[in-house]
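Visitor: Dropping the structure in here first, questions after.
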Amino acid sequence: MKMLDLYGYTSIAQSFDKICISIASPESIRAMSYGEIKDISTTNYRTFKVEKGGLFCPKIFGPVNDDECLCGKYRKKRYRGVVCEKCGVEVTSSKVRRERMGHIELVSPVAHVWFLKSLPSRIGALLDMPLKLIENILYSGDFVVIDPIATPLSKGEVISESAYNQAKDNYGEDSFLALTGAEAIRELLVRLDLHAINANLRVELESTTSEMKRKKIVKRLRIVENFINSGNKPEWMILTVIPILPPDLRPLVSLENGRPAVSDLNHHYRTIINRNNRLGKLLKLNPPAIMIRNEKRMLQEAVDALFDSTRRSYVSNKAGSVGYKKSLSDMLKGKQGRFRQNLLGKRVDYSGRSVIVVGPNLKLHQCGLPKKMALELFKPFICSKLKMYGIVPTVKLANKMIQNEKPEVWDILDEVIHEHPILLNRAPTLHRLGIQAFDPVLIEGKAIQLHPLVCSAFNADFDGDQMAVHIPLSLEAQLEARILMMSTNNILSPSNGKPIIVPSKDIVLGIYYLTLQDQVQSEDEILFFGDFSHVEYALHNKDVHLCSQIKYRMTYCNYDTSDGKPSYYSKIIETTPGRLILWQIFPQHKNLTFDLINQVLTVKEITSIVDLVYRSCGQSETVEFSDKLMSLGFKYASQSGISFGCKDMIIPDTKTMHVDNASEKIKEFAVQYQDGLITRSERYNKVIDEWSKCTDLIAKDMMKAISVYDVESKLNSIYMMAHSGARGSASQMKQLAGMRGLMAKPSGEIIETPIISNFREGLNVFEYFNSTHGARKGLADTALKTANSGYLTRRLVDVAQDCIVVEYDCKTHNGFAIRSVVEGGTVVETLDNIILGRVAAVDVYNPITEELLVKAGELIDEAKVEKIKIAGLDAVKVRSPLTCEAKKGICALCYGRDLAIGDVVSIGEAVGVIAAQSVGEPGTQLTMRTFHVGGTAMRGVETSNLIALLDAKVKLVNSNIVEDKHGNKIVMSRSCEVVLLDSVGNEKMRHNVPYGARLYVDDGQLVKITEKIAEWDPYTMPIITEKTGIIKYMDLIDGVSINEVLDESTGISNRVVVDWKLHLQGANLRPRLVLIDDNDNIITLSNGLEANYFIPIGAVLNVQDGQKVHAGDVITRIPRDSIKTRDITGGLPRVIELFEARRPKEHAIVSDIDGYVEFGKDYYRSKRRIFIKPVSDTLSPVEYLVPKGKHTIVNEGDFVHKGDLLMDGDPDPHDILRVLGVEALANYMISEIQQVYRLQGVRIDNKHIEIILRQMLQKVEIFEPGDTMYLVGENIDMEEVIKTNDNMVKMGKSPAKYAPILQGITRASLDTNSFVSAASFQETTKVLTEAAFSGKEDSLYGLKENVIVGRLIPAGTGFLMNKIKKLSLLNKEDYSMYYNNEYQDSALLQNDNNAFNQELHKDTGNIVDY
């Protein structure tokens, strides 16, 4: 252990391997106690000494002052261990007052409020009595029959006091035993035979049929089994002894004015002691029963208040009310509780904070530290140096010297901070880049200087932000800070692997200006240069300008030569002096050619250049390059003199024309609406669309006008800022010089009158009011959503914190097939982007040449992605954290590349926390960003057609087509897809075409780019006839199932189907349209069913009774709701909903099997029955109930596949998991979550979401227990079930069958194996109650548990230390060799050193195995 102490291991935190929790028995409480307390006195009011025998008694709890007894007879260390014969106090350190406990012997037992009131009540469950009855026994004086002896009463029957007296009179005093209060409950609990109850419940469970009863029995059975297995006795839930906390944990402090400030706990203890003593005295006097009962009830209430005051029934003691006293539970719960305030977050010594200012002349690894701060922070270091050099003899003088700021002090400070990294942190620390290490540079002034490039990582700006400084003290801490946390080592973002140290704002503007090129009038103006020094000379003499067009002889290098030596050749290129200046700072590498920067560079290009430099030249080159890029950018941004005035906002001349055109169209819509051709919501949607189009057109024209190059004034300044990506965006420019456009109401609806003015013209009063209306919502949202997002991050971290990389390869061959992501026909995420940095699960071949591209188990890096791209593959099977088979964590290969480094993740990396931060961090940013567009409605025009984006061949899937009377092809299938194939036959795009769309192409037809393939009405859902015939109304009765709805503004009436169930005569109606032929016979459709069209509530009928219709005609239409704007405020709740795995409010029904749709003849409680008839006759049909008024998206006779939706709405993720399995669930969740983030332009790697999903899928539900002890419907940890099943198979018994279940992140965090982690998360009292009666053990696997008990976390450097610690506990002499670096890298990280692993997996006694 000596060696371990060197490595920062404290003996107390290391001296145990697990933590167990159980209910304290009266004996164990007495054993822990140092004496009983009977007196309530605290301190003497005159001498302020603590009273003997009181709540602070020194005889029981230990001396108040170090090594000094109360009376003062013994003082000095030499008397340690002596007990003073005068005052009875043991002479020892006063620290024992923090650990010695006392106790109170209760005269009458009381119930422990946690086991009584925490739902489900454990006492109630064991006794099988409702909580109300138990409360009546405890508080209201009801009696319970313990033993009926010779009376007809039954055991456990609760009788009132009057009934008790009556029974005594009837049957005699001793003919039965009935008690009241806690004694009665205790007596019942003592008499319980848990094993018998267990056996009976299992028998009962076999025979019961009711689901409710089953659940109740299972709950009770679990509690009984937990009691049996944990060794707790039920009667311990009733207290006969109460422990008293050590006095220094409930101190008595005197304030300045001499009044004492007392901890609330002391108040509770005084009440209990007073009531207990009073009850003791009363019992000796033999008073009336009512007095005793009252006194006992008061004692019970006092103890309840001590343990948990919030659970008490009367109001004066609710938290927050005057006179509320904090109970023990309150000290653990919530943000201010022990767990979150003191154990998970601690205040740190050697720290300071100050305002930050920009330090443009710093290097990337430096930060400016004010001298004053440095002097204070490094004071102890300076003191020791001053003493060491003999400048001062004592520390006291050294302090004085530092105070007077003598010159020697500054010299020593310089020496001390040399190469001593410091940590800078900016709150809120949303991801790991919120704390980074820098080398301090001493500066004058009082503000910390920060390097401009790290601002985006900290999310810092210089408008008054503050940052905190921390000093790593120990050598190991300095080492970790320098190697892992230095700002130069954090160039890539851990969430998406793109550089985060990228220029922004002014720097981008400077570089953009540097790479601009003037347009020349004639070829004669272009000058030739052969050397860069000539260019500089010409610039100096003002012969050329930075942006002038010149010709230059550029020397190129050819690296691919036969002899391996690079060869050089020259080439004349057209460029500008500015670009040549930029070229001078580039590092030399074959991937970095001049063509990269021989163009105008905007933010996007600059980012990709930094990325390329990192991938090609490595880290140190990138850091130098970034620093040079920054200084260039700043220099030329200031030289350019870019500024803008009002005239720079050019309003396009076409604006009035576009606005007039839109107004005309809107008048047309109004006329159509008044003529009854379109409904109100259709008109609204069309108006919104028209104005959106108009705004976009004006914006386009404005961008055209503003981006025109003018010889005199060169480029427009505003355009340069927006185009370069330095500041502002197209949408902000649109509002400045175009037209503000549509605004949203706080409810999210769009106001249909747009703001036609822009900010340059100024808004009129009406427009101004409209815009404040939406903008105010943005501000309110921000405030509310920040809290929501922070809470989401907290839950994510909690659920993922114990996911650590534990081994290199778990040897699995499972994985997911990954395809590119297509939304609305466009590829939003290409395949190469998604598979980069993943590991192939199977060998990947080129389909044409059959060349092996990637071996199974190999990392797919940039080079391999390029090969896959060339091969034209549309799917690749890769390994995923979801399919990883590692125990207690995941393996490096299933995770793939560590995005922050660009190589396979190292063992011990805390990937769970990184995933949680990556998903949570943008949430906070996005919510703060809602109002940046000023509340203008950001809504794309609804897609209503499908256009070919490339020349391709059309393939139609599931297309059931009819021709209407105009010869148009109408799609009748619900699952029609148009697939576009390239010349080789590879699928390039796949689109869903909705039911009722018009198709303009045939199967196998070749289409040209921009050709229209199909179009449809996005605002209504039609119902279309398949055959020609005559319409007949069935069950469509005026006033019952249809109403003429008169539109007041138009005077035209529509026939709308209403809820017929609300009408008396409507009970058995099934409103539908029937198609008949001329002989009144119902027409049969192609699938052999009759032509019945069932009409949902809210549909508008387009046909009259008896009207003749043609195939392909629309007979009814269902209007869709007007679309609300979607921003992350819609998005964040969506992300939360998905991660919490909540069932959507009106979720779509998913088909469980393949089969044909059949509509039931009757209704079930106003729900419509749908049957899916399976293809094979051996299976029975599955029935579904669709709520009334919901539109089913299938017709009678349609064939549906397993997993297809039967009605509108979002599917329930639980259904997807149950029907289609884990891979389909993962695809659904990832695409839904990514969609929300993509809307905001945030990139998150899929693997982060997969890790969170892995944590949500840890539990399984047992549906056949086999020979195991599990119960049907029980949720158990998957690893545990697999282990149990393995044992069962070995013993030749039948294993349990189970299905995976999806838990929300909150549920999953609370159900974790570690009760310490769960208790510190939420519902602390409930978690601890549950853990205590189950006798749970916490093996301290996760990060949180280890932080709480004060150990190194088992991740990163701590992961290695844990392995070494295990070996050292085995007392092996040779474990020191594991400190050898090369050995450590190869053996520990690759996990291939058999000897090492065998050593660990031997029988290690009480050692936890990782």
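Glycine too: its Cβ is placed from the backbone N, Cα and C atoms.
Sharing the record's features from Swiss-Prot:
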type	residues	note
BINDING	C69, C71, C84, C87	Zn(2+) 1 binding site
BINDING	D461, D463, D465	Mg(2+) binding site
BINDING	C810, C884, C891, C894	Zn(2+) 2 binding site
Visitor: Taking Cα atoms as reference points, rank the binding-site residues C69, C84, C891 by distance from D463 (Mg(2+) binding site) and give the first.
Guide: C891
Visitor: Round to a whole number and give the Cα-to-Cα distance in Å for the pair C884 (Zn(2+) 2 binding site) and D461 (Mg(2+) binding site).
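Guide: Rounded to a whole number, the Cα-Cα distance is 41 Å.
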Visitor: Could you state the whole-number distance in Å separating the C-alpha atoms of C810 (Zn(2+) 2 binding site) and C71 (Zn(2+) 1 binding site)?
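Guide: Approximately 68 Å lies between the Cα of C810 (Zn(2+) 2 binding site) and that of C71 (Zn(2+) 1 binding site).
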Visitor: For C69 (Zn(2+) 1 binding site), write down the residues of its own chain that are at least 6 apart in sequence and whose Cβ falls under 8 Å from its Cβ; none is a fine answer.
Guide: P58, P63, R75, C84, K86, C87, V89, E90, V91
Visitor: Measure from the Cβ of D465 (Mg(2+) binding site) and count the other Cβ atoms within 10 Å, all protein chains considered.
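Guide: Step by step: centre on the Cβ of D465 (Mg(2+) binding site), count other Cβ atoms within 10 Å, giving 17.
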Visitor: Under a three-state reading of DSSP, tell me whether C894 (Zn(2+) 2 binding site) is helix, strand or coil.
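Guide: C894 (Zn(2+) 2 binding site) sits in a helix per DSSP.
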Visitor: Just to confirm: which same-chain residues, 6+ apart in sequence, have a Cβ under 8 Å from the Cβ of C891 (Zn(2+) 2 binding site)?
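Guide: Spatial neighbours, sequence-distant, of C891 (Zn(2+) 2 binding site): V805, V806, E807, Y808, D809, C810, C884, E885.
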Visitor: Enumerate same-chain residues with a sequence separation of six or more from C71 (Zn(2+) 1 binding site) and a Cβ-Cβ distance below 8 A; give 'none' if the list is empty.
Guide: C84, K86, C87, V89
Visitor: Should C884 (Zn(2+) 2 binding site) be counted as helix, strand, or coil on the basis of DSSP?
Guide: coil
Visitor: Could you check the binding-site residues C84, C810, C894 and say which one's CB has the most other CB atoms within 10 Å?
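Guide: Within the set of binding-site residues, the most crowded position is C894.
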Visitor: Rounded to an integer, what is the Cα-Cα distance in Å between D461 (Mg(2+) binding site) and C894 (Zn(2+) 2 binding site)?
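Guide: Checking the Cα atoms of D461 (Mg(2+) binding site) and C894 (Zn(2+) 2 binding site) gives a distance of 38 Å.
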Visitor: Measure the Cβ-based neighbour count of C884 (Zn(2+) 2 binding site), defined as the other Cβ atoms within 10 Å of its Cβ.
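Guide: Other Cβ atoms within 10 Å of C884 (Zn(2+) 2 binding site): 27.
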Visitor: Within 10 Å of the Cβ of D461 (Mg(2+) binding site), how many other Cβ atoms can you find? Include all protein chains, please.
Guide: 12
Visitor: With a radius of 8 angstroms around the mean position of the C-beta atoms of D461, D463, D465, what other residues of the same chain does the Mg(2+) site pick up?
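Guide: Close Cβ neighbours, site residues excluded: I356, A460, F462, G464.
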Visitor: Taking the recorded Zn(2+) 2 site as C810, C884, C891, C894, identify the other residues of that chain whose CB atom sits within 8 Å of the mean position of the site's CB atoms, giving them in sequence order.
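Guide: Those within range, site residues removed, are E807, D809, T812, R879, P881, T883, E885, A886, I890, A892, L893, Y895.
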Visitor: Per 10 Å Cβ neighbour count, which of the binding-site residues C87, D463 ranks highest?
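Guide: Highest number of other Cβ atoms within 10 Å: C87.
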Visitor: Sorry to bug you, but what's the C-alpha spacing from C894 (Zn(2+) 2 binding site) to D465 (Mg(2+) binding site), rounded to the closest Å?
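Guide: Just about 40 Å between their Cα atoms.
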